[in-house]
Amino acid sequence: MKVIVFLLVLLEMQRVIQNQPFPGTGELPMTRRPPKRELEYWCTYARSCDFCWNCRHGVCKNKVFEKHPLIKKNDYIQICRVSRYGEKCSYFTDSKIRRFHIMSCTNPTYYDWFDELMQVKEDRIIDVENIKHTCLCMVATIALMVYIRKQYSRMRMQAATRLLIFLGIYLLLGILMTNIIMNLPLSTDNPMQMRRPPKEDLKFWCTYAKHCDFCWTCKDGMCKNKVFSDHPIITQNDYIVNCTVSRWHDRCMYEAHFRIHYQHNMNCSQPKDLEWFIELKRHVINQDDL
């Protein structure tokens, strides 16, 4: 009976703690939908999360900040999960690359995971020394594995112990191979994501993503096309915008970072030109529909 009473008291205390005004030391279990009273907090520091937006007909309006401009529904808005334990608040996004951020609930720091995700270095630096070191570790690991295999019958260990040893070795090999791959240069045949495509790919991208900044050389407000010499010189303006390009096997994609992030997917072998800038300018948002 005492145990039951004790459990009831604990449940009541938990309910009281969860109802405390935010921020506080109360716990918030991992959830996709934080309490309504906490939305302003979360949407200030995790502004890309889906629970901060109302989307309709492909156009999204911020739930908390009325003055926030309308945006087009795209990859900028991600499914998020948030939690709070003690004085630590955290959120992570279910994007292609998961982003996890922990911050102090009382002194939080803004973290724009989307900008970091899109900021890929123009030129990847190949860490030759790291690759050499990793290769030596791989050779040593393989030699150790061969030695263990030869001594397998002499080992006086249980089958489960042997299995764990081999699993550990294979895991180590996997980590070493991943380290090598991450330090290798990007190949034009491999999946990539970058702000500046390789020079040999410029003609392709500048044919179909002709408004992207990597296609132009600008000086004193005048811009000249890098690829097509017969293209007339144009004035530097909103026509030229920052872009991110990516290729995943047979699918090519570029995203223009305009006021509204605009994304276009196409077949790499049979691409289709899209005048995204003209379409974007013609895009009329009826706020009454939101």
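Along the chain as shown, residues are numbered 1 onward.
Glycine is treated like the rest: Cβ placed from N, Cα and C.
According to Swiss-Prot, the protein carries these features:
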CARBOHYD  Asn242  N-linked glycosylation site
CARBOHYD  Asn267  N-linked glycosylation site
TRANSMEM  1-19  transmembrane segment
TRANSMEM  128-148  transmembrane segment
TRANSMEM  163-183  transmembrane segment
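Taking the C-alpha positions, the distance from Asn242 (N-linked glycosylation site) to Asn267 (N-linked glycosylation site) comes to 22 Å.
Counting every protein chain shown, the number of other Cβ atoms lying within 10 Å of the Cβ of Asn267 (N-linked glycosylation site) is 10. All protein chains considered, the CB of Asn242 (N-linked glycosylation site) has 13 other CB atoms within 10 Å.
In the three-state DSSP scheme, Asn267 (N-linked glycosylation site) falls into the strand class.
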